[in-house]
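Colleague: TrEMBL feature annotations, pasted as is:
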type: BINDING; residues: 41, 49, 106, 107, 108, 109, 110; note: 3'-phosphoadenylyl sulfate binding site
type: DISULFID; residues: 89-101; note: disulfide bond
type: DOMAIN; residues: 58-126; note: domain 'Sulfotransferase'
C-alpha cells in the first residue's frame with residue numbers, strides 16, 4: 001500500500017492478501033490505524049469457481065485452434081498467471097507495450113457439479129469454517 005498523507009484515504013482491493021502463509025504477519029505489521037474489510041466467500045463455491053477457472057484456461061486456446069483446423073500456435077507459454085487479478089493474462093505481445101488482461105467484467109458460468117461432490121467439499125471445509133467462525 002502506498003503511504004497516505006494526513007487527510008488522505010487509500011483504498012485497495014485484492015483477493016491475494018489472504019492466501020499466503022505470510023499474510024498474518026503482514027497484517028500484524030500494518031499500521032494500527034489501518035482498517036481492513038474482508039469479504040469472504042463460501043469455500044465450496046470458491047473451489048468450484050477455481051475449478052471452472054482452471055478448466056477454462058488449460059487447452060482452451062488449443063481446442064479453438066483444433067476446431068478451426070489450425071496448427072497450435074498459441075500455447076500456455078503465451079500466458080502468465082496474474083496474482084493480483086487471480087487469472088491468466090496474455091504476455092506482452094510482440095510490439096506491444098504491456099501485458100493484456102481481462103477487465104472487470106470477466107466471468108463464466110459454473111458447471112453443474114454432482115451433489116455428492118459438493119457434499120464432500122462441504123465436509124472437507126467444515127472444520128476450517130468452524131475455526132474461521134470462532
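The backbone N, Cα and C atoms fix where each Cβ goes, and this holds for glycine too.
Just so you know, TrEMBL annotations never went through curation; they're auto-generated.
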Colleague: How many Å lie between the Cα of residue 89 (disulfide bond) and the Cα of residue 41 (3'-phosphoadenylyl sulfate binding site)?
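Modeller: The Cα atom of residue 89 (disulfide bond) is 24 Å away from the Cα atom of residue 41 (3'-phosphoadenylyl sulfate binding site).
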Colleague: Cα of residue 49 (3'-phosphoadenylyl sulfate binding site) to Cα of residue 101 (disulfide bond): how many Å, rounded?
Modeller: 18
